[in-house]
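Pulled from Swiss-Prot:
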ACT_SITE  Asp149  active site, proton acceptor
BINDING   Ile27, Gly28, Lys29, Gly30, Ala31, Tyr32, Ser33, Glu34, Val35, Lys49  ATP binding site
DOMAIN    21-299  domain 'Protein kinase'
REGION    758-798  region 'Disordered'
Amino acid sequence: MAVSPHKTYPIVITHGEKYTLFNDESIGKGAYSEVYRGRTESGRLVAVKTACKKLEVAAIGIEIEILKKLKGASNIVQYFGSNHTKMAPGSVTSETISFAMEYASSSLEAEMRRPKNHRGLSSNALIDLVVDCSMALSALREHNIAHRDIKHMNILLFPGTPTRGRRSTHLFKLCDMGCSKSLSENSSHEMRTLVGTPNLLHPFLAHEMVDPLMAQNRHNWKTKSAYTSEQCDLWALGCTLYFCATGKFPFEHERNNKSLYHKAVVALTQNPDAIAMVLVQKGRDPGRRTDIFEFQPVTELPAKFTRYPKWLVSTMTCLLRSFFHEPSIEYYAKVADAMRNSKRRTFSSVDQMSIVEHTDMSNVPHLGFSIPSISKCLGYPEGTDILLLSNTSTHYLDSKQKSVDGLPDDLYLVVPQTSHVDMRKILARNIEFHEFDDMTDRKLSEIRIKKCYEGLSMLTEIDEYLALFDRVSTILSTQFSLLVQELSQFERVQTASRFAVYVDMASVPLMLFDEANPETKMISDQCIQQAKRAREELERHAKVSMDIEACAKQLSKDAEDLRLEDMDLPGICEEIESYVFYDKQAILSTQKYSQELVELCLKRRNNIMEQIFNSPDRINKSKLNKAMNLAASLSQLRSNYRKLQDMISECVDLLEKPFQEMKDTVNRYLQAQGCSRNTMQKSMHLLRPEFHESQIRIKKTTKSCRKLIDQLNIELDQLGFVRLGDILIKAESEQTLTRSEEIQETQVVSFFCQAESSPNKEQFPKPEQDSILESSIDEGSTSFESTPPSSPPDVGSNNYFQAVFQYFAKPTSSPSSSAK
């Protein structure tokens, strides 16, 4: 701190950065001080608060010391420098004091006087106000300071950006520490000084206001009951937040009837659920000829006009209840932190005609149980499940679910899963405002504010409807396009269908080469029957998929036509706000044109409502009905698509078990007989559709071969001969016969194996397509145990039969071979 070297008067004491005060640029005036615009030596624009009376100087001196302690604290107006001047004794003004602080763009008081906030702040601005005040009170508590005069006039607005959890363009900061008090760390933090604004006082302080002796010595009056900083500051903040949310204070107050406020707050303390008390007329006293009034409790934050989301109404109700009944800055900080940092999702509801910015408050202690489910927060009756559609996903929400966990996207379209949906009631608009010359200034200003509020609220409502139908159109169009894209890719249907054909074909070689085994034949027949059944189901579902795809394509085009056509009224919001006057002459002189502006807003609203609710040609449906039908159609198509997917899975399950049995049988047979895998793959390849004629010939030849072999064996047995290679010999004994059979089998197998490996294969002519067959087998044959190939394996009954089958299955190419 620097002291002027001159000991003569005036004595000037400065601190911090020097500044210049502009006496002709007053910003505001309070009961004890005035605020002017100023600028520091570095060029910063500041607000300079100054006072010259003894009590004012003392109050500002306390405020300067407290602001120094709070330097850098969150959401507290920042201090830059001060100037204290003491005049010579006998001067008209003995001393003056001033200090420079941050220059605010506006105040909460001025914001609440704007016509658009006549019924309360927007939800985003209210949430930021709650969070910023929480941070300010936490900073005061950290430095052991009680503010003791929190109200909307002592909260300043600074430019902000909706980032990092912020929702509005306002940054709120607490100011005016003239009534504040630094508390000792070792003290009980209890206070008895009567200080504060009359209609925001804690009940302990309100009780003192009705004492007739208090008015004579208010500045030195001490309360009978001590109060804490939490009690007085949170009570005043609760009254302020209620006012900012509804446009009215929670308790009736009359300047000349202090007992009215006192009775209201006492009545509230006796009702633990109340957050406000409303004075209502209950009758009339005939003896005294006066009306009888009583206080009625308000147990939930009114939101008829502001249309706050239900999660916010519940949160604010619980918060105000704690302020008035169980004040706790720690609990307030937890709730405020959740309001800023919890997960947020945006839900657009066509039938409710609303866009809800939902914040997940279900995990906040002592608050989550009072938060309604998401379904109820969106305006649906108890027990209504909902379908949520985004640009990328679809989710079903139970009617009791409160958390947004599992919802990855930010924006969703809501489709209630119920046959009957009640539409949200749209408030009727009344623009009949009469401003007459015989009205008082106050009455005229109230009417003008209501008139401008109606016009601005209609514009806000229109903007919400435009945004709603834009989002609905985008989401529905995208969802239908995604469905078309999914249905155009029949991968599951095609894969399962190919599998069914494969099972059918894979059963053939098992029947060809092992017809003598009844068990194997039964498995093959079962596979074939199941495969045919599954293939028929899949073909039917493929057709259903094509129908759904065609329907989705058409509905996607219809969804693009949901957007509303709007009248362009540039700058009308600012123009309406400029016609808010408090002077009688100004109000009467602008009556006609201000009414024209409001009527223009109504015309724009009627144009939008006409598109939403009425058919354009009495043939086509209205935008609202079309949007609801499209949403329901999308839900139904999605349901049909899910059933289709489930049926495909059932078809695959139907095929899997018998096919696995057949596959195991084939593998066991191959292992037992020692047949080569290459032979199996060749027969599988031969069973492809392009070799259909060859397949028929093989089947016929196989049956003929079996008959010929059986007949030949019978005749040889009757004649008593045994075939040894190309030689028939007489069977001399049973032992000789057995030996002959073994030699015969060995020679036949050896003979045919040499024929297969020999380059000269004229003895066994091949079918016309054998050259193509062999090349394709070598290039792309697959294993029976890997991904299903297009044809099944070849398995012979035994080596002798296999050799004979290969011999007789091939057509003869020359007479010599036939004779042989």
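The backbone N, Cα and C atoms fix where each Cβ goes, glycine too.
The model shown is predicted, which means the values in this text are computed figures rather than measured ones.
Everything Swiss-Prot records as a feature, shown here on the structure.
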| residue | record | DSSP class |
| --- | --- | --- |
| Ile27 | ATP binding site | strand |
| Ser33 | ATP binding site | coil |
| Asp149 | active site, proton acceptor | coil |
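Just so you know, the Cβ of Ser33 (ATP binding site) picks up 21 other Cβ atoms within 10 Å once every protein chain is counted. Rounded to a whole value, the Cα-Cα separation of Lys29 (ATP binding site) and Asp149 (active site, proton acceptor) is 16 Å. For the residue listed as 'active site, proton acceptor', the nearest of the binding-site residues by C-alpha distance turns out to be Ser33; the candidates were Ile27, Ser33, Val35. On its own chain, Val35 (ATP binding site) has Ser26, Ile27, Gly28, Lys29, Ala47, Val48, Lys49, Thr50 as residues at least 6 apart in sequence with a Cβ closer than 8 Å to its own Cβ. The most densely surrounded of the recorded positions Ile27, Lys29, Asp149 is Asp149 (count of other Cβ atoms within 10 A of its Cβ).
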